[in-house]
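**Student:** Let me begin by handing over the structure; questions about it come next.
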Amino acid sequence: EAKRLQRRFLHKDGSCNVYFKHIFGEWESYVVDIFTTLVDIKWRHMFVIFSLSYVLSWLLFGLVFWLIALQHGDLFSDEEVTPCVANVHSFTGAFLFSLETQTTIGYGYRCVTEECSLAILMVILQSVLSCIIDTFIIGAALAKMATARKRAQTIRFSYYAVVGLRDDKFCLMWRIGDFRPNHMVEGSVRAQLLRYKEDKEGRMTMEYRDLKLLNDQIILVTPVTVVHEIDSDSPLYGLDRKALAKDNFEILVTFVYTGDSTGTSHQSRSSYVPREILWGHRFNDVLHVKKKYYKVDCLQFEETTEVYAPHCSAMQLEQKEREWNRTEKTREKQAEKSALEIKYSQKSLS
């Protein structure tokens, strides 16, 4: 028997409960894809990295200009000798010249002269490097601000999923809602059932099963109840109320959509474990039709009402329906046969 799932794979907020250890080439992969790394890290870490990139570049070129002045003898020479960088007499002066050059402050007190071609070359290199750093920082900041994570946080999944009858069929249902005034253009819902299984060698493996949804393509203007019909193709087909509560699966749900404000793709995620699935419940109505508009009662988004639902599994319910249909057909045939026998007996008597 497979061990019961102790830790959920996906948290309710959509974050994965996965920790990678001993990754081969971990730092190399982060450095090679540095742009994505900067977009993914937190804002405070990004601010520290950007600040250090500027400060270190100022210090580096300040050191270069100080060494040029030191090699040329500008730090201790007379004023009659033309220096490489005018008015640079210490490392502090060289640092200030580097800062003024890279930020294009242009105070005019310190400047490079025609005396040293190396100093001119360093000014050119620092100007090019400054453009590269500015472009990189602005691009990463804009990409981070335009990321879909904040938009995804406004998409809300119901905390509980419910199992109930819908058109006399067992269905698993949960809700998705978007509570921003600017809604998405289109969206698609996907659900997978994750279950731990133990093979013959005693190793635990993770099995993924797709759940077929009746309404996987939705436009989320109002909250939508996503429906999975528990039929013979469903991994929940043989589970009754007690078996479902004791099982070790987790249902992973994702919603991929396009926002109408930015046109970018977003993804929101959540999951449901057996203790978060209510058997014999249905969601309360949130949409009400008024005279001139539709009203959405957000207070009813999470609310459910207990309704009648058999405690048997969908498979058992279907078997009972087939048996009942066979019994009804047998009764009909017997009734027809009895009617014919009565008719023939009446004819023979006449």
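Cβ coordinates come from backbone N, Cα and C, glycine included.
Dumping what TrEMBL says about this protein:
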type: COMPBIAS; residues: 323-340; note: compositional bias 'Basic and acidic residues'
type: DOMAIN; residues: 11-147; note: domain 'Potassium channel inwardly rectifying transmembrane'
type: DOMAIN; residues: 155-321; note: domain 'Inward rectifier potassium channel C-terminal'
type: REGION; residues: 323-350; note: region 'Disordered'
type: TRANSMEM; residues: 47-69; note: transmembrane segment
type: TRANSMEM; residues: 118-143; note: transmembrane segment
**Student:** Same chain, outside the transmembrane segment (47-69) by at least 6, Cβ under 8 Å from its Cβ: which residues?
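**Tutor:** Result: 38, 41, 75, 83-85, 88-91, 94-99, 101-102, 116, 118-119, 122, 125-126, 129-130, 133, 137.
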**Student:** What average pLDDT is reported by the model for the domain 'Inward rectifier potassium channel C-terminal' (155-321)?
**Tutor:** 88
**Student:** Mind checking how the domain 'Potassium channel inwardly rectifying transmembrane' (11-147) divides into helix, strand and coil residues in DSSP?
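**Tutor:** Taking the domain 'Potassium channel inwardly rectifying transmembrane' (11-147) as a whole: 86 helix, 5 strand, 46 coil.
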